[in-house]
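Undergrad: What follows is a single structure, and I will ask about it in a moment.
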Amino acid sequence: MKNEKLKVDNHIHNNIQFIDCLEFWVSNAKSFIKSFLQPMNFEVIGTRFNDERSRIQYLLLNNVISRSNLQNQFQIENNSYIKPIQGNQFIKVTSSISPNDLDFHSKIQKHGDFIQNISFYCNDINLAYNKSINNGAKSVQLPMKEYFKNCKDIVETAIIESPFKDLQHTFINRNITSFDDNNNNNYDNNKEIFGNPLFLYPEFQEIKDKELFKIEKEDSSSINGCTGSLDHIATCIKNGEMNYFVEWYRKCLGFKLLSDKDSVATDESENFENELILDKNFYVITKSDFKYTKKENIGLKMAVLSNQPLNTSFHKTPPIQFVISEAIQGGEGQIEQFIHYFGGEGVQHLAFNSNNIFKAVEIAKSQKLEFVYIPQSYYSKLDERLKHLFPNSIPKILKENLMKFGILIDSDAITNTNENNSNNNNNNDSQNNTEINQNIGYIKQIFTKYINDRPTMFFELIERSNALGFGKGNIIALFESLEKESSGSQLKSD
């Protein structure tokens, strides 16, 4: 039984629509959730064991109104789809409870806590799977259907290996019809259904121990949206591998290099997708860009892949963005450091959207989540560095909040001037303020400290104000801050 196709947003050119779920493999799930995910407004809503009962898995969702009552609080379309405007993201956290689970324990020993699976919601999983396999991807699981609730609910999945070792990609599609009696199940009469988010994950059971992950927090109306959907996934690869990874995602998943509207191809040709254009869709940062690092051989090459459309007349932040950072030859920076301690190439950090980054950081810090320290010297140079964005000077209240919470700010590499960009936030900094150049987008970012003892994975919060790309200045500031932390020279706890 085939479910109705989703209404495809005009900013998506691809069968692959958005990132459905991220799966962590961690050594201690409860500790990981309480230490890192709950401070970013994620709530545990479900749990399950695998068939062998050797692993336990928790399902988390952010912006949950009430974990004690999940009914009628979640917007679902086409019996299968979460409306992205809600700013939600599902995460699975998996941990082994068996000493004999050698595959799990060997990978944790090699990588530490890490991202093991990135799931993509697809209109047609067979199309996505066949395209990837025909272009060289390796199969993990053939397309299959799982039936739940007396065969009323159907979840289709297929799994492939990604080009990153020990990272898999799942293609998923749903046909969920068994809503509760309070909802009208007739799709023709109800284009949007409000229900329990667990309807979309029927293999999970609602968590029984309501006290297990209970935390004291502010009223949900004041914090929802502080941490939203995934903005981008940042990865690290070895020197000389950029073309291979770009080609793999282009051919196997149909992604393209993120660029501004003047550079978007006007037809379905693949020539543009395959071309790395310096300072358009491909960036190089060298030692000369750094002012405060002591290391001599430091830098990176960076490209951003996305499911941005091939032909568009306007900007809109794509729902999928993969940042690929390549190490330099003989380098000593954070990219090379990640590869060494992680045991190869992989996901370095996840960035989540925020509609109020100051509030999000305040809440996270109140729950003991630690962020990298940004030296005051960074803020002393802001007026000069961002003169093109703030012709007079940075508004006083904005600068004070940036310094108070340790947040970076930069104009993006690709400016988005589209007023209808629903993925970007309202520009709270410029309301009734003529001091901002409205034609230039900008971003505010902050990064957590490493979540492992190894200097490998961390998280990011990002607030976009009419911005599409990434700021080069913030990348440099992050490099220098992480160098201080990993070298042990950072004595101050933020």
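Cβ atoms here come from the backbone N, Cα and C positions, even for glycine.
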Undergrad: Per Swiss-Prot, which of HIS111, HIS169, HIS232 sits in the Fe cation site along with HIS349, GLU460?
TA: HIS232
Undergrad: Determine which residues of this chain, when HIS232, HIS349, GLU460 are set aside, have a Cβ within 8 Å of the centroid of the Fe cation site's Cβ atoms, and list them as they appear in the sequence.
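TA: So the extra residues in range turn out to be ASP231, ILE233, ALA234, VAL323, GLN348, LEU350, ALA351, PHE352, PHE447, PHE459, ILE462.
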Undergrad: The domain 'VOC 1' (18-174): mean pLDDT?
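TA: The average pLDDT of the model in the domain 'VOC 1' (18-174) works out to 91.
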